[in-house]
Each structure stands twice: as C-alpha cells, then as structure tokens.
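> Copied straight from Swiss-Prot:
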ACT_SITE  His103  active site, proton acceptor
BINDING   His266  heme b binding site
SITE      Arg99  site 'Transition state stabilizer'
Amino acid sequence: MDGSELVEPTTKCPLKHGVRFHTSFGGRSNRDWWPNQLNLKILHQHAPASNPMPAGFSYAEQVETLDVEALKRDLAALMTDSQDWWPADYGHYGPLFVRMAWHSAGTYRTGDGRGGAGGGQQRFAPLNSWPDNGNLDKARRLIWPIKQKYGARISWADLMILAADVGMETMGFKTFGFGFGREDTWEPEEDVHWGAEDTWLGDARYTGERELDKPLGAVQMGLIYVNPEGPNGKPDPLAAAHDIRETFARMAMNDEETVALIAGGHTFGKAHGAGDAAHVGVEPEAAGIALQGLGWKNSFGSGVGSDAITSGLEGPWTPNPIKWDNGFFDTLFGHEWELTKSPAGAFQWTPKDPEAGPKAPDAHDPSRQVAPMMLTTDLALRLDPNYGPISKRFHENPDQFQDAFARAWFKLTHRDMGPKARYLGPLVPQEELLWQDPLPEPQGPPIDANDIRELKAKVLATGLSVPQLVATAWASASTFRGSDKRGGANGARIRLSPQKDWAVNQPAQLANVLATLEGVQSAFNGGQTDGKTVSLADLIVLAGCAAVEQAAKAAGHDVEVPFTPGRVDASQNQTDVASFGVLEPKADGFRNYLNTDLPLTAEELLVDKAQLLTLSAPEMTVLVGGLRALNANTDQSSHGVFTTRPGSLTNDFFVNLLDMRTVWTATSEDEAQFEGRDRTTGDLKWTATRVDLIFGSNSQLRALAEVFAQSDSQGAFVGAFVAAWTKVMNLDRFDLA
C-alpha cells in the first residue's frame, strides 16, 4: 500500500489514525485517473468562497484612505533595520526588495498576458518555491510588519512593488512613478502554463534552432528569465544574448529597455553563493511545518549573511552596491574578464586584473574588500552587436541610462495592470505612454435612451444581417484579456491596424460592416446641435446588441440587451501595431475558428479563451450555443450551426447536439471535424468541430448543455445569453466598475 489507496470504513471509528482515506486530504483525483480530462477549474478560480475580505470590499476605496507618505517613511526606515534572522547586505534591504519586485513582475509574458505582479502570486506555489525565487520568502517576511500595520489599505501585490521603489529611492534613484491598484488573490492561479517539464530547471520547452514554446517567457522551468550562467549553464555570452532577447521581447521589452533593466537591476546588491548548494534545504512548499512557510534552510556556516546561498553565484557587480550610479557600466567596460567559478561551483566572470579597478566592501564585513564580478548574461550586454552600442551609450550618458531604467522599471512593474485608468493613488505619473494603450477623453454629452432607440432602428434598417452585426461586435469586444486587462471594444481599434486585417475578423466583411456603421455614425453626429456624438466604438457594440434583440424576437422573446454608452475611438497613433499583434486570436472557439500549431486541442483553446474573457463554464456554454444559433462563425462556416433557423436566438444548438437520433463520426484522422448523420437513414444532418461536440462529450459541459436544452429553458437560455453577452461587451469598461 502506497498510502493513497482507498480504505473502506468499518463499523468502528472512521477516523483511523495513520490511515489515509479518500478525502480532500488524499486519494486519486479525476485528473490522476484521466490526465487528458478538460480542465474547467480554471474558469472558477478566485471564487468568493476563497476570499477572506468582507462582502462589498473595495480596494480602491481602501487606497483612498492610505497615508502614502507615512507608508513610504516606514518602508524607508525598514531598509536599514537589519534583522539577525536575515541580516541586510551592506546594512540595506533595498537590493533584496528590488529582486523581490523584479521576480514578482517579471513572470509577465505578452503571449497570453498572464503572469506579472498583479494578485501577489509570489506568495503561493509554484512561484514561492521556484529555484529562481530562492530566499525571497525572507523578503516577504521582512515587509510583513508593514503589511500588518496598514492592513487592507495596501495589498501584498502593491507592497512588494512599492518596497522596491522606496528601496531604490533611498539608494539615490529617482523612480518614474507608481500606481496602486493590484488587488490580492487568495489562491494559486491554475490557468498559467509555466511549462511541461516535471523537474526544476528542465528545458524541454525548446524545439528546432532553440525556438521557445509559446506563450512561455522563461528559458527553464523555475527561472524568471534566463540562466545567468548562460544557456543550459554554458558560459557563452553571445548565446546568452539570444536567450535574453527572446525572453525580454516576450515581456514586451525592446533591446534598449532590456539593457536598462539588466544594468539597472545589477547596479544594486550582490549575488549569493557562499558554499556548495548541497547545504541548502528544500523550498517553502516542501519544508516542514515548524519552518512556518520558510524554505531553503542553509546549513553552511551561519546560514545567513556572509554564508548565504541563493543562486550559487557570488559577489557584487559594483563598488557601491547600495548607491545608484554608473558603477555597473564602469565595471563592465573597465575590466577584461576571465571565466571562473563561485564557491558554489557556478560559472561567473572575474577581472583578469582584480587590482585594476575599485573593489566593493564585503556585504557584512566593511573591513574586507572584494573584487566585483559579472555574470555571463552581463557580458552579453557588452559583447552582443546590438546590446553593446546601447551599453556604451548608457555608459557615456548616465542621464539617458537613468531615464531609460526608470521608464523600463515602471513598464516592467505595471505592464499587467492594463490602461492608466486603472492606476490608483497620488504617485501616478502624468505622462501618457503608448504601451498603456491610451484612449482619448470623451467629448460632449453622452447619447441618451432616445438616441439609443433611434440608432438601433437605423442600424437594423441598413440591411446588415444579424450574423454580420453580432460577429463584428464580438470581434471588437472579445480581444479583451483579463490577464493583463488589454483589448476590448473601447477604442474601436477593430477598425485600425492590425485588427482590421486579422483573418479571424473576416477583413472583407468587416470593412463593409464598418463602412456602413460609419455612415450611420456620420449621419447621427451631423444632425446634432448640442455637441452630442456617438463613437464608433459604442455604435459597434450597440449594433450587436440590436441584432441580439432582433434574433431573440425572431425566437419569440422580447428582450432589451443592456447598453451603456461612453466608449471612445482611439487613433492609429495611439495604437502600437506590434503590441496589439499579440492579441490576435489564433483560436476562437466562440467563432469556431482555429488556425494555430499550438499543441493543444480545440476544446482546450476554447477554455483558455473563456478564462481570458473571465467567463464561467455556464457563461462559456451559453455563449457558444447562442453564437452558433446566431450563425456567427468565422467565414460563415456551418460547423456547429445545429438549427434550421440560423439568426434566431434559440436553444437549438443544445437540443440537436443532445439528440440521440444523431450519430457522430470523425471526418479526419486528427478528429478535428465531424459529421452527424441520422441514426436510422444515414442522412447527413450536421457538421461539427471538437469545440461543438465537447458540450456533449465532457460530462460537466454536458450537464450544462442539458439545462439549456430543456423544454422549459428557452427563456432562461435567452436571459443567460444576454447576461453573458453584456459581460463580454463591457469587460474593458473600467469606468463602470
């Protein structure tokens, strides 16, 4: 018996000591039995039951009551309040907090917008136990007294970033600004794909000529960015530059921002590798209960201070590791470097002539002097043909370096927060930045209920069909990602590059629909005398709502789809084409669209899309069924349109999917497409994709489909569809929150 086998209870006391029962504390899960089972749990993360805050809690309201200056004073005092259980290097915790914040924010990747500092996920597994996050558990314990003091007025997620900002300010650096607004989560996020490897530092994520799997950003399991010793521990600076460029690009950083971030971060502090890594104990999630969530217990010497072991690399980068200056570039260019190994056996670089330049004090014994060191990834900033000139320019122009690092650091720590409108507090910089996806201010009074009725009638009189209007509104709104709060209908960027040319948006049809709606917009705006206007962003959504109402009426249901005006139209100058390119759907099961080589099934990609849209399983289900009934597939594909009355908002998709008179067979070896034939006659009735059939195959989704297929559920189906539709249309309306 391995301790996980089932033990049947007897008539005696069921709480047998030393015996593991099939409870929440043990036993096989469904995923253990069926590893390929569709994971719908990611649609129900962060449920209210997991949140300890009271009903109605508003973090934004709490931030308004926060004495920010008092908080910053307390953080500044903490920087030099060294604790015996984890002494501060050089008597200052600033560098440690910079690393904590960097590793909190640095998990962000552009491919799916997941990761980043929002939510404070560094507190939970797996991030709290990644090898690259070694000893950051101590950093979080050091700021706990401040979190305890200020309570709900500041989240862990905000505090971990602000601690680094204040730390840098106390070391002489002027930051660009800070936005509060990162709300804490209370459980690990299960939607983030960190990689398929089952060992720490595994790198099975590469194919071909070192092509990194999408959407991953880090080069190895358990690293934030790249291996500082070089690819797979090979100390090759030019090969390291390749990894750096790819990884930082997937964090939305260009070459200049990359150089600034690495050099700026390594201006502070030191690396820790005083002895053999064999002295280091297990990570926090594997540590014994008496350690109270702390990991990496070190048996080398005192285990702390001069005896600390974290990365295995050892030493400072600059002569003054707790002062903002140009010391990193002075050191990088001021020496010729030779390969060596740290006391822990890690590859790093040391000056060929250690007496040629200034040394740094020992981090815990000011009477001792130590030579600086560089990592393989640091030398890449000098030797790479693109990074090298940037580094040289920063070395010769410290003001440019300071500004570049301030801006890149602000971007790093705010990239997953969405538009500037979501930033809170008095430290938000005034400057508008292109990567924030800026929007213009609304002009004139908003349209009212009479205007809305008039515009609906005019749209429906244009001759545009229900599928055309629904598909356009969905295409506009469904770019939203709850991960990094980007995309959505506000801005009407569907009319701009690159969205207007995406294959999933049917460019030819889209151009016709937009031209027609622009005609309605122009006529309405031209007829106003009070400065009132309707934006195209609003009109696209309103047109979709009108189409849904018409489709519901055709099915016998009079409904009013909620609509709130207030969207604005962004310009092409406010839209970074490359930045928005990552939002292009390679798969959208709601439109039965699939054009990707990702190693995932169509149904897995549907669930992933639904999670990014913050949808629950019932919301995902009703939207797929409704959009099929509305005939809103890309390129008017008939797959999944299980109805003889397309364009009417019926529950026919569910009724016909669950009809046992239909037999389904695959029409391709990869089982991507299917045909449904009459069980008796063999006549072809329907065609479908995996996305369609999963609602009859997966037991949980079938249970939901059965609800919507019931004879008494037609009205409830329409109501549920309208509610889910409205939610998607308003996902980026942060002004309505």
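Cβ atoms are placed via backbone N, Cα and C, with glycine included.
Values in this document were obtained by computation on a predicted structure and should not be read as measured data.
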> Could you round the CA separation between His266 (heme b binding site) and Arg99 (site 'Transition state stabilizer') to a whole angstrom and send it over?
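About 10 Å separates the two Cα atoms.
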> Here are some recorded positions: His103, His266. Which one has the most Cβ atoms within 10 Å of its Cβ?
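Output for this query is His266.
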> Under DSSP, is His266 (heme b binding site) part of a helix or a strand, or is it coil?
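Coil, per DSSP.
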> Around Arg99 (site 'Transition state stabilizer'), which residues of its chain at least 6 apart sit with Cβ under 8 Å of its Cβ?
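Result: Leu136, Ala139, Gly265, Gly269.
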> According to DSSP, which of helix, strand or coil covers Arg99 (site 'Transition state stabilizer')?
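Its secondary structure by DSSP: helix.
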